[in-house]
2 protein chains.
Amino acid sequence: MAGEFDLISKYFANQQLKRSDVALSQGDDCALLQAPENTHIAVSTDSLIAGTHFLEHANPQWVGHKALASNISDLAAMGAEPAWVSMAITLPSADETWLEGFCEGFFELANAHDLQLIGGDTTRGPLGITLTVQGFIPQGLALLRSGAKVGDKILVSGCLGDSHAGLEVILDPSKRERAHASELERRHYCASSKVALGMMLRGKASSCIDISDGLVSDIQHIMQRSNVGAQIHCDKLPLSAELIEFTQDKHLAQQYALKSGEEYELCFTLPQHLLESVRQSAQQHNVMITEIGEITDSNTLHLFDNGQALEDDVAGFDHFRS
Amino acid sequence: MAGEFDLISKYFANQQLKRSDVALSQGDDCALLQAPENTHIAVSTDSLIAGTHFLEHANPQWVGHKALASNISDLAAMGAEPAWVSMAITLPSADETWLEGFCEGFFELANAHDLQLIGGDTTRGPLGITLTVQGFIPQGLALLRSGAKVGDKILVSGCLGDSHAGLEVILDPSKRERAHASELERRHYCASSKVALGMMLRGKASSCIDISDGLVSDIQHIMQRSNVGAQIHCDKLPLSAELIEFTQDKHLAQQYALKSGEEYELCFTLPQHLLESVRQSAQQHNVMITEIGEITDSNTLHLFDNGQALEDDVAGFDHFRS
């Protein structure tokens, strides 16, 4: 079995990408980096743990993608441009096949975003990956959760609910027979990144968050930080054709869209007068966005279906809720 | 059981320290930070995994200290000044007693270094902590592993070997009866930080590394990066009185000093002409440093005892070496 340092150098040190703001990368006690002037550095840390966020036998390429995608999503939600990533990876054994697949998924996404791996730590233990991503944003232009105003429109990117359907396929083999099961499983792992949209929303969106816990849970984070309420029109939720065929029930698909976590789509609020120009920009960039509701002064979340108020107690997934 | 977000906010969000370069801390998708101009940001990531780096039932206060101390040690080894830390923590359950102890050890050390926790991730899973620390260093003054020159003196801070003795006490209950067993166990977890020494060595030390894998292993990292050899005089290795009494054999204690990992002392090289001034500065700062050898042009490591060459095959601890 190769030694720890051999492993690291073999799989992680030979990446091609070399950013000019990385003065020193792997191989010393620290990386040395230089941030541009007049910018804020946006930093986020996320863990993917086998058994909690993915199954031990999951496709390692998808795991590599997902680990990074969930972190990049936090940068996107702030409107930041990805720059650097540190990786701590814990492995039960030095499984080279697994590492090869993992690196393929990881570096494909990293390279697409000019994101350089600047260092990390490889240890023996239960399978898990913790990434710390860093990106840049001009001072004063970060998209916060705290700026939503009464009357602002609520929008989301992409389609919602697919990730939850994919998770069901993973956890319940009987659902493998359903329409689009494989594709929904892939989507659970391989969310596309919304960095371009986040950067486009700088100075426009009054608030923004990425959908990691589920729309109903994440919109409440905006409500709390902005001290506002919200109403969501379930009939406007963007659903994929695959999800509707998988569930064979549009209302059930809407429930998926409300609670589906790990979507890594953006949920953001816009003042009414910016709606049209943002719609046009999104179209030019080929990014799908959908208006799904409004910010209110009620301090609570109300769900509507075709104008009818719904009683609902769906809540986002909470790792520590029993 | 409290929800994930309650846990995080209760134990991690209420820290007192507020640095002026942290524009936004916890509570959004990312932290927003501002680095000083003309400095490099030094970044290091380290994981502490239960069962690999500490036992599940270890004193949580010590675990909190050790998790941060091992990361700060990487900053110290570069001569960097600590600034920010992100924490990813994985817990099998929301054990509030454990979290309280952990936070006590963690924040005591963080606050002592003006190091602000800027965010993180709490997930359910096997117990483990991954920290990413960041610090500042004026451009061009970082202490690298790559600058050692033939003829430079090799020095270490503190005493070596105690951490390994402490580990033996932890793993072998029969050693609890030996002299100073409890104190050595504490030292294994509660290394003091060498930040002040690292900053003092800026522009002086030709190379530097922190002793995490063991002196013999870590000096070889300097040798490789600097393309030099080294000789170490085992009779000069700084040993604590407690270690000598614990082992009851000075030669055995020297073996501990050579291979003991997780010491978090600094090993550095100095051109001969700076030796005296650095010794005086260290004395003024009340930091113990000891000359233990020289850099050679041999490309190999030679060990001596009272001038006699030793045959030795000790190697640093490698997590993946079978």
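Glycine too: its Cβ is placed from the backbone N, Cα and C atoms.
Automated prediction, rather than curation, is the source of TrEMBL annotations.
B:Asp29 (Mg(2+) 3 binding site) carries neither a helix nor a strand DSSP state and counts as coil. Summarising the annotation, TrEMBL assigns Mg(2+) 3 binding site to B:Asp29, B:Asp74, B:Asp210.
According to TrEMBL, the feature Mg(2+) 1 binding site maps to B:Thr45, B:Asp46, B:Asp121. Within the same chain, the residues at least 6 positions away from B:Asp121 (Mg(2+) 1 binding site) whose Cβ sits under 8 Å from its Cβ are B:Met87, B:Ala88, B:Ile89, listed in sequence order. Taken residue by residue with DSSP, B:Asp121 (Mg(2+) 1 binding site) is part of a strand.
In the three-state DSSP classification, B:His53 (substrate binding site) falls within coil. Positions annotated as substrate binding site by TrEMBL: B:His53, B:Glu262, B:Phe317.
Look at TrEMBL and you will find B:Asp213 tagged as Mg(2+) 5 binding site. DSSP assigns B:Asp213 (Mg(2+) 5 binding site) to coil in the three-state reduction, outside any helix or strand. When Cβ atoms from all protein chains are considered, those within 10 Å of B:Asp213 (Mg(2+) 5 binding site) total 23, not counting its own.
The domain 'PurM-like N-terminal' annotation in TrEMBL covers B:27-135.
Residues annotated as domain 'PurM-like C-terminal' in TrEMBL: B:149-303.
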Binding-site residues among B:Asp121, B:Asp213, B:Glu262 whose Cβ lies under 8 Å from any chain A Cβ: B:Asp121
Overall pLDDT for the domain 'PurM-like C-terminal' (B:149-303), taken as the rounded mean: 96
For B:Asp210 (Mg(2+) 3 binding site), nearby residues of its own chain (Cβ under 8 Å, 6 or more apart in sequence): B:Ser73, B:Asp74, B:Ala76, B:Ala77, B:Lys194, B:Asp218, B:Tyr264, B:Glu265, B:Leu266, B:Cys267
Pairwise CA distance, B:Thr45 (Mg(2+) 1 binding site) versus B:His53 (substrate binding site), rounded so that it is a whole Å: 15
Residues that sit under 8 angstroms from B:Glu262 (substrate binding site) by C-beta distance, when 6+ apart in the chain: B:His53, B:Lys66, B:Ser70, B:Ser163, B:Leu167, B:His188, B:Ala191, B:Ser212
List of residues, in chain order, with Cβ under 8 A from that of B:Asp29 (Mg(2+) 3 binding site) and at least 6 apart: none
Distance [Cα-Cα, Å, rounded] between B:Asp213 (Mg(2+) 5 binding site) and B:Asp46 (Mg(2+) 1 binding site): 13
